[in-house]
Amino acid sequence: MNLLMPASYAPSLVALSFVIAVVGAFVALTASAGIVRAGRRISVFNAVTSGTALGGIGVWAMHFVGMLSLRVDMAVSYALPETLVSLIAAVGCSAMALLWVARGPDSLARMLGAGVLLGLGVSAMHYLGMAGMRFGGFLQWSWPLVAASIVIAVLAATAALWLAFAVRSLQARLLASVLMATAVCAMHYTGMEAGSFICTTPASLNFPQGDWLMTSLELPLIVSISAFGMAFVIFIDQMFQRLEHRHRANRLAAAGTPRR
């Protein structure tokens, strides 16, 4: 007999997921300023760094912290392949969207294209992550809510990109980060409401077993290590870039100083 399982959320973890999304978006938008360097040269490495911050931390880590906030009377495991593919999708789409808009921030077509790409990337990450869930039942989807979640992601991501690149100030970047985080979280929790958990087995509290599966008890450790690892790499990269810029400025200043 199929049984609809009620679901609720832990408010503290919902709030934490939003904070993570804001931090990831802010770091990404800050790093994205270095995508286009002097002479209009494109830094693909900075695009990947920005995509890692936004897609890896702001979207992917936020998603799984949001999943941990879910309270449902079923034991849930997560398939590692789908989880890793969802990370690649989030980072890849975020990097391409930021690179695309950075090359022509004054172009409306580029801005709209980047917003659609980023919104679809966030949505793909979310539903790939949910496809990796393993439990004693299945998800029953409300397709109007699925469509609504994707539209929310695209519209809010486009607005956030426009604000971040059209108004280059700290206040605008902060506001854009909050807007981007709102887009990610609104998409996530709307997407969660789109799926109903249907239990088909009396052994619903037993964790599904198998190769390449993580339980919901192991997931926090995996997400924490991944998020801190990505944050550390981004921090080191930004530190070396600041040192490089300072060294270049010192060399230019020394070259412009007349000899006595």
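Cβ coordinates are placed from backbone N, Cα and C, and glycine is handled just like the others.
Residues annotated as domain 'MHYT' in TrEMBL: 9-198. According to TrEMBL, the transmembrane segment annotation covers 12-36, 43-63, 83-101, 108-129, 141-167, 174-192, 212-236.
Remark: the transmembrane segment (174-192) contacts the transmembrane segment (43-63), by the rule of 3 or more CB pairs under 8 A. No contact links the transmembrane segment (12-36) to the transmembrane segment (108-129), because fewer than 3 Cβ pairs that are 6 or more residues apart lie under 8 A.
Computed over the domain 'MHYT' (9-198), the whole-number mean pLDDT of the model equals 86.
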